[in-house]
Structures are given as structure tokens and as C-alpha cells.
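Undergrad: I have a structure here, written as C-alpha cells, and I will follow up with some questions on it.
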Amino acid sequence: MASENQKLSSVALTPVEATDYAENTATYKANKRPFLSFMSGISAGACIALAFVFYTTTQTASAGAPWGLTKLVGGLVFSLGVIMVVILGSELFTSSTLTLVARVGGRITTTQMIRNWIVVYLGNFVGGLFIAAVIWFSGQTMAANGQWGLTILATAQHKIHHTWFEAFNLGILCNIMVCVAVWMSYSGKTVTDKAFIMIMPIGLFVASGFEHCVANMFMIPMGIITAHFSTPEFWQQIGVDPMKYADLDLYHFIVKNLIPVTLGNIVGGAICIGVFQRYLTKTH
């Protein structure tokens, strides 16, 4: 068994080594200066937002395509966002929930962990809103005769109509897959290893419609902007009454989606993957 682990370790980290790597990474993140964490969070938020732009393009005017196939394509292209975050070394709130492994290991304090979560969360929000603003002013919502903007509206509205408990559980499922992807990337020793291993777990959560709080920091504000600031020409092109999307507002965004999804993401990442995986590898 030892020789098998040694052979594996030459091409990839063993589960125990990956857990050590996760703990070291979590410790580094928690000890980073808050301003750097915030700026790194902006970068990650922008990466995820751009990935959702890519996703939206693949879903636009796709009514004639098989539903599952369309979602699969959307999930696969969205994985680019998490790949960019990991390769660039940016900080994403959902994967930063894994800092709980360093807290459980006694290497950081609860204050350090919570501070990192808050700073990165705010940075992610700024990054997502920045891309939303740039996309809006670029006129991208008018692409494909306004169908691109209609996809944004439909996707955003769907997200705010989960029940609170549904959104919470969709958040758990999402961050189980995100943190599985990131944790598996810790085992890779090359950029190709790390990128390739994350594609399918991320594709799974997106194609299945699980909820990611940072992605929603772009998608739902983008929907709100499109619903309330689009020109009459936009609505004429898509042939839809603007009142259909009047419920896209801050209340529905924050209360009905962002809060329960964020809490679910914490449970899915910090506990279901971080603490559980550490227990599996560190206690034997």
C-alpha cells in the first residue's frame, strides 16, 4: 500500500497530501492582508461573472435544442470561471469556506476565518457588479435581437422563485461540487491537471441548476438592471411586457436568493467537504 501511495504521489498528491495542501492554502488565505484578499476577491468575482456571460451566450435562442444537451454545454463552458480563479490564485468565497479545515486544525482563529470570508465575499460582489455594469454599457443585452437579454431575465427570475429552503439546499449541493472540484485540483501537479479535473464537477452543478452565491451576484443584478433600465426598443424586439419581470428587485435578490444560497454554500463547502474530508484523511 505504501508503495502504491508513493507511486501515486509522483504524479499527483495522495488524499492525505491533498488535505495538507488544503490546510496550508487555508492558512495562507486567512493570514493574508485584508486589502489583498479583497482585491483577490474582486478578481474572482469578475472571473465567475465572465463565465456566466459565456453560459448565457450558449443558452440564448436555444429553444429548439434538447434541454439536457443545452444545459450540459452551459455547464462545461461555465467551468472556465472556476478554472480561471484557481489558476490565477484569486479568492472565491465558495472555495474560501474551506478555510474551516485550518480552523479545525488549530492553525487559524475563528476571527481570522470569518474576516477572510467577509472580505472575500465583498470583493466577489464588487467584481460581479463591475462586470454587470460593463456588460450593460456594452449593449450586450441587445445581442441576437435582444434574445441574450431575455435569457438573462428568464434565468434571473427563475433564481428568485425558489422557496427559501429550496435555495438553501441548492446552495449546499452547489458548493459540494465546487469544493470537490477545488479539492481535487489540489492533487494536480500541473496546470493541465488542475484545469481538467475541475471541468466535470463544475459542469455538474451548473447543468443541474444548483445555486452559487457569487454567480448570482452577477446574474441577478444583471437581470434587475435589464428589467428596469432597458429601452422600449428592447422590449419591442423581444415582444415581452416589462411588467412580467417587475419582481426582479433587491428584496427578492437578497432575501429570497442571496441569503439562503450563501448559507447553503457555507454548509456545503465548509462542512460537507472541508471538515468531512479532513476527518477522513487526518484521523487515520
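Including glycine, each Cβ sits where the backbone N, Cα and C put it.
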Undergrad: Compare the membrane side that Swiss-Prot records for Y28 with the one it records for D193, and say whether they match.
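TA: In Swiss-Prot, Y28 shares its side of the membrane with D193.
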Undergrad: Report the listed stretch (117-137, 195-215, 253-273) having the maximum count of Cβ pairs within less than 8 Å of the transmembrane segment (35-55).
TA: 117-137
Undergrad: Restricting to CB pairs under 8 Å, which listed stretch, 73-93, 164-184, 195-215, is in contact most with the transmembrane segment (253-273)?
TA: 164-184
Undergrad: Going by DSSP assignments with H, G and I as helix and E and B as strand, what are the residue counts for the topological domain 'Periplasmic' (56-72)?
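TA: Each residue of the topological domain 'Periplasmic' (56-72) counted once, the result is 10 helix, 0 strand, 7 coil.
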Undergrad: Where does T94 (site 'Important for formate translocation') sit in DSSP terms: helix, strand, or coil?
TA: helix
